[in-house]
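Record features, source Swiss-Prot:
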type    : residues                   : note
DOMAIN  : 2-147                      : domain 'Globin'
MOD_RES : Tyr30                      : nitrated tyrosine
MOD_RES : Ser45                      : phosphoserine
BINDING : Ser45, Lys64, His93, Lys96 : heme b binding site
BINDING : His61                      : O2 binding site
MOD_RES : Tyr135                     : nitrated tyrosine
Amino acid sequence: MGFTAQQEALVGSSYETFKKNLPTNSVLFYTVILEIAPTAKDMFSFLKESGPKHSPQLQAHAEKVFALTRDAATQLVAKGEVTLADASLGAVHVQKAVTDPHFVVVKEALLQTVKEAVGADEWSDDLSTAWEGAYDGLATAIKKAMG
């Protein structure tokens, strides 16, 4: 079964909820990444000098990751696959020596952040599955661009 319009709607609405508290949710996202994989700190220029804290770079990067995942949901419904609009994403991930386990860490952090952003009453298996599917589509496209 492919990605559904209902899953796209779930990702879209929860993305809007995530954005309502972007500063806090961005810090949470990177805090979870570093809790799972402390060595990932050196992969992000805005984390090298300190841990996650409110900063324009941190917020911009978190918003980009979540927006790309939301866009992946839209593409999966429309055409069944994700095509990167930014061709440099593959090269950047190669330069940072990103490997499969890093994608797993980011997915876990993304899911924990969405869960926190929407709250326990809105979080569901369907919402988790929708975000997982969208992120997996994005990760597949990035890995393909990495060569």
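Even glycines carry a Cβ here, placed using N, Cα and C.
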Between His61 (O2 binding site) and His93 (heme b binding site): CA-CA distance (Å): 14
Neighbour tally for Lys96 (heme b binding site), based on other Cβ positions within 10 Å of its Cβ: 14
Chain-internal residues near the residue listed as 'phosphoserine', provided their CB is under 8 angstroms and they sit 6+ positions away: Gln57
Inter-residue Cα distance where the pair is Tyr135 (nitrated tyrosine) and His61 (O2 binding site), in Å: 15
Residues near Tyr30 (nitrated tyrosine) in space but at least six apart in sequence (CB under 8 A): Phe44, Leu47, Gly51, Pro52, Leu58, Ala62, Ala109
Least surrounded among the binding-site residues, given as His61, Lys64, His93, when other CB atoms within 10 Å are counted: Lys64
Residues of the domain 'Globin' (2-147) by DSSP state, where helix covers H, G and I: 113 helix, 0 strand, 33 coil
Integer mean pLDDT for the domain 'Globin' (2-147): 95
Cβ-based neighbourhood (8 Å from the centroid) of the heme b site, residues Ser45, Lys64, His93, Lys96 excluded: Met43, Phe44, His61, Val92, Val98
Rounded Cα-Cα span from Lys64 (heme b binding site) to Tyr135 (nitrated tyrosine), Å: 12
